[in-house]
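Student: What follows is a structure written as structure tokens; I'll ask about it next.
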Amino acid sequence: MRTKIVAGNWKMNNDKDATKKLIKSLDKSIKDLSLKNTRVIVAPTFVNLSSAVKKAKKSKIEVVAQNMHQAKNGAYTGEISADMLKAIGIKTVILGHSERRTYFNETDAALAEKVDAVLENKLETIFCFGELLEDRKSDNHFAVVESQLSNALFHLEAKDWKSIILAYEPVWAIGTGETASPEQAQEMHAFIRSIIEKKYNKEVADGVSILYGGSVKPANAEEIFSKPDVDGGLIGGAALHVDDFKAIIVAI
Ligand SMILES: O=C[C@H](O)COP(=O)(O)O
């Protein structure tokens with residue numbers, strides 16, 4: 001049975017106090033949920049990671065990073081390495097978010113190196129990818145997604161996929177209020193599983209959790225999560241509000 005995951009990407013929001021407060025109220029609010037086979041994740045900004053890890057220590061909440069540099073160390077101003085993250089107790093890193101690809105020019109090639117660094121450091125990644133609106137309009141979305149996955153992940157060995165969580169995020173649905181329909185999400189997730197099976201085998205394809213991201217809200221979460229190949233969500237805006245985030249967790 002694949003692990004279900006609800007991950008909140010807090011992006012560049014919340015100062016130290018707001019981060020701790022949100023973790024505290026989320027902890028209180030999900031304490032009594034059974035969360036069988038389900039992970040609840042939050043990704044605060046770098047500067048608040050350490051205090052977030054401490055705050056979440058005895059809770060059901062996992063704290064992860066939003067990005068990581070591929071080099072071990074060196075002259076990379078403003079960047080953070082795997083060792084630095086591990087030293088404060090981080091085990092999982094989001095990579096390839098469309099905002100990183102768009103605003104910080106992260107390429108598939110750089111992401112392939114980052115994924116390698118994740119694996120070398122025995123970390124895990126939530127690897128994001130997804131097509132632009134023009135790709136979907138021109139019916140190119142499957143080809144775009146296949147190339148993003150193949151360029152950044154298909155050099156891995158089958159065993160490496162234990163450390164990979166996928167997050168399909170159609171860029172046109174991120175922060176826009178426009179969600180992919182549950183059918184569109186299912187169609188893409190099934191396609192993703194099919195190309196992984198073709199490249200590797202059924203065990204790898206069936207084992208990898210594939211999250212959907214893009215304007216997931218309490219009102220649409222249940223229907224999206226009901227699709228057989230959707231194993232959870234990567235949530236942006238709604239993860240900043242404890243009641244909305246809890247409702248999405250309950251939906252899974
Ligand atoms: O990382 C999360 C995604 O970018 C989704 O953001 P959103 O839920 O605000 O659309």
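Including glycine, each Cβ sits where the backbone N, Cα and C put it.
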Student: Determine which of Gly74, Gly175 appears in TrEMBL for the same substrate site as Asn9, Trp10, Lys11, Ser215, Gly236, Gly237.
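Tutor: Matched candidate out of Gly74, Gly175, per TrEMBL for substrate with Asn9, Trp10, Lys11, Ser215, Gly236, Gly237: Gly175.
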Student: So around the substrate site, Asn9, Trp10, Lys11, Gly175, Ser215, Gly236, Gly237 aside, which residues have their CB within 8 A of the centroid of those CB atoms?
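Tutor: Once Asn9, Trp10, Lys11, Gly175, Ser215, Gly236, Gly237 are set aside, the remaining close residues are Ile174, Ile235, Ala238, Ala239, Leu240.
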Student: Across the record's substrate-binding residues Asn9, Trp10, Lys11, Gly175, Ser215, Gly236, Gly237, the largest CA-CA distance in angstrom?
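Tutor: Result: 14 Å between the two most distant Cα atoms.
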Student: From the Cα of Glu169 (active site, proton acceptor) across to the Cα of His97 (active site, electrophile), what is the distance in angstrom?
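Tutor: Counting only the Cα atoms, the answer is 8 Å.
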Student: When neighbour density is defined as the number of other C-beta atoms within 10 angstroms of a residue's C-beta, which of the binding-site residues Gly175, Gly236, Gly237 has the lowest density?
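Tutor: Least crowded of the binding-site residues Gly175, Gly236, Gly237, by Cβ count within 10 Å, is Gly175.
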Student: Non-local Cβ contacts of Ser215 (substrate binding site) (under 8 Å, 6 or more apart, same chain)?
Tutor: Ala173, Ile174, Gly175, Thr176, Gly177, Glu178, Thr179, Gly237
Student: Around ligand 1, within a Cβ distance of under 6 Å, which of the binding-site residues Asn9, Trp10, Lys11 show up?
Tutor: Asn9
